[in-house]
Each structure stands twice: as C-alpha cells, then as structure tokens.
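Contents: one structure, followed by commentary.
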Amino acid sequence: MTSAVVVGTQWGDEGKGKITDFLGQNADAIARYQGGDNAGHTIKLGEDTYHLQLIPSGIFNSDKVSVIGNGVVVNPKSLVGELRGLADKNVDTSQLKLSDRAHVILPYHIKLDSLQEAAKGDQKIGTTNRGIGPAYMDKAARSGIRVADLLDKDLFATKLKQNLAEKNALFTKIYEVEALDFDSIFEEYYQYGQELKQYVCDTSVVLNDVLDQKGNVLFEGAQGILLDIDQGTYPFVTSSNPAGGVSTGSGVGASRIDEVVGVAKAYTSRVGDGPFPTELFDETGDFIRQAGHEYGTVTGRPRRIGWFDTVVLRHSKRVAGLTQLCLNCVDVLTGLKTLKICVAYELDGERIDRYPASLSELARCTPIYEELPGWDEDITGVKTLEELPVNARRYVERLQELVDLPLATFAVGPDRDQTNILKAIW
C-alpha cells in the first residue's frame, strides 16, 4: 500500500496531468481533492490530445478508479460536457466516482465571479471567471449546495430558491444587472444531476477501502502551491489549498499519506496577475513561451514566463512537505545560450532565502541569479541523465542540488514515453 500526492510547486501549469497519468499506470485509484474546472490539464496519448478540467487524469487507465473528492467544487455543466466528450472518443468513464459531499458551482457563482473581478478595477486578481471563489465562499458561509442536494429534487429547489433570492438582490441592487431565472437553472441543473447520479457515492469510503486492500492511491492536486490560499501569493491565489488540502479534500487521513511529489517546469510560468520575481519581458521569455506552447489550457491566455526560482521551490518543499521532485519541459530550453537560476532574493540590500508574504516586500525583491551555459543538441529522445548533453545534465543536477530533493523523473517532451524515471515512487 502506498499513497502519493502529486502537486504543482509553482503557479500551476507545471505538467501535473502528465505526471499523474504516468504514475497512474501503477495506481489503483486516482483522486482530485481541491479546485474546480479552472484547473485545466492536457494529456497526450498517441495521436489524441485531451483537455480535462474536472475529471482526474487517471480516467485514461480504464482499470483504475478515478475520484472527484469532496474538496472539489464541481460545475455539473462542465463535468457532463467532459464526460460526453470522452464518450465520443470511446473512453470508458464507468470507473469515475463523484463525492456526494462536493459543492456545486451554479450560474450565479459564475456571474458573481465576473462582476466581483470587474469591480476590482486595477486591483483585479486574474480570476478565470469560473465561479470557483464564490462557490467556496458559499461553502464557508454554509449556504452551498452539494452534489447530494442536487440529486434531491425538492431539497435542490428549496436551496436554489433561497440562494437565488440572496444573489439576485446583489445583482439588481448592488451591481445593477439582471436577475437570474429560477426555472431555467433548476430544470437544467437538476437534469445534469440525474446524468451524474450513476457516479455519485461516498468517495472517502472508496479511497480508504483501496488503501485497506493494500492498493495504491494517487492524489492529483490542481493549480500550484504558490496559488494556495494560505501559502501562495495572496490575494493573487486560488480559493483552495493545493499544498495541504489532500486530507480534508479527500477524506483520507494525513497519517495515510506516504509521498508528496512536487512537479516543476525547468523554468517558471504564471497565468494572470500577481508577483513573479523572475519574470522575463524580453526575447528570451518570448522564445520559451513559443517553444513551450505556453498558453492557458482553460483560458487560452499567454502565460507569463520566467527563470527557474529555487526560492519558490524551497518554499513549496517546506509548506507541502515535498519528498520528491518531477522536472518537466527540460527540452524547451534547448537553443538558449545562457540559462539563469534564481538562488536567492535581494530585499533592501539584504540577501534573503525565504519567500515574503508581503506584496510590497516582493515588489522590492530582486532575484540573485546563478548562470549556466545552455545547449543546442536535440534531447527529445534522451532516456537517462547520462545521455543528456553535458550542459543540460549540469543544469538539471544543479536544480536538484539547490532545491535539495531527490529527482524522481525528468521529461524531455510531452509524450508519456518522454518522461524518464530516476527513482521509483511506488
């Protein structure tokens, strides 16, 4: 029996889906435990490319159980759409399990998300306008609607009427926009619930049963640790806990978690606003963006690009208890003459190794870089560290030294067979 968490160590988009799919080959269950359909991940299998936002990456392993845990906020419309899309490509989804305790995103959450973001003006945080934050707000306020409620026609109607009365008052009196209609939302979303009913169960029982039977469980974190609402660059963060939310979001106790696998790119990217100390604004950043196809899976927005930041990685290692590191996109850096690694920050004339909580301090931080020579050789077929060109190997090993984590895998391309194992996780 082994349980492992796969979590992004930067600002999301690190390639967690690929690693989860790769590691999921030896797992008996794969589970999402936080976030919502703002967390796009891309899986490439042969000639087919799949873009998923809610369904765990493990769905492509038909003999595995795929779980959407209670900590996820679920847009039923998005989930039904994903399921239909997979069915169209003959992907078996019978092993999907949806927590009856997961909270539901409804149209008023999405509308409120957009209105709240627009009202912030220059202080906007870069939300994906998917209703994630407002859904978590309702959850904390104890007025949310859960999947179990969605399946109960009378209870769903009662709760929806109560919530719409409150939200429509906000829309008409505060934001001065049109109210939402109860009947259309109720009919549409109740039908979604009926379509999802076959997947709904107590997923905590499912996951703990797998562990009790000596099976392997892989937990898939969404976004990244620097987007964690507590440990990230607040308020430019998501509304959940990628770093430590696995137990509360899955119903599997902390004592049953064995490994925490951090995923990072060989550089850094970020979507949306917020601090980014190593951000590049020159042709080097453009080169990496183009070479790495750095555009958001969900939004299509160009990602911001920067050098690898070991201050960020050490922060992530500490707050999430990382035990191993998976390094992706090493091949993207091919062709750059010089590579830089941020090893510390300078703040008001002082060298610091911590990641500041204060946005004003972060704005005054200047990265301290270590420079390494780049490489021109094609590395997309490399299978071992020893096969890498000298400069590429030196770069990978230097990152590992600075972060002080064992390197479990390194990837030299998007395909499953381009992810190379250095240390077994299972």
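Glycine is no exception: its Cβ is also placed from the backbone N, Cα and C atoms.
Feature list (source: Swiss-Prot):
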- 12-18, 40-42, ARG303, 329-331, 411-413: GTP binding site (BINDING)
- ASP13: active site, proton acceptor (ACT_SITE)
- ASP13, GLU14, GLY15, LYS16, ASN38, ALA39, GLY40, HIS41, THR128, ARG142, GLN223, THR238, ARG301: IMP binding site (BINDING)
- ASP13, GLY40: Mg(2+) binding site (BINDING)
- HIS41: active site, proton donor (ACT_SITE)
- THR297, VAL298, THR299, GLY300, ARG301, PRO302, ARG303: substrate binding site (BINDING)
Neighbour count (Cβ, 10 Å) for LYS18 (GTP binding site): 25
Residue among binding-site residues ASN38, THR42, THR128, GLN223 with least C-beta crowding, 10 angstrom cut-off: THR42
Alpha-carbon distance [PRO302 (substrate binding site); GLN223 (IMP binding site)] in Å: 16
Rounded Cα-Cα span from ASP13 (active site, proton acceptor) to VAL412 (GTP binding site), Å: 16
Densest Cβ neighbourhood among HIS41, ARG301, ARG303 (recorded positions), 10 Å radius: HIS41
Close recorded positions near GLY15 (GTP binding site), where close means Cα within 10 Å, chosen from HIS41, THR128, GLY300, ARG301, PRO302: HIS41
Nearest-integer angstrom distance between the alpha carbons (Cα) of VAL330 (GTP binding site) and PRO302 (substrate binding site): 20
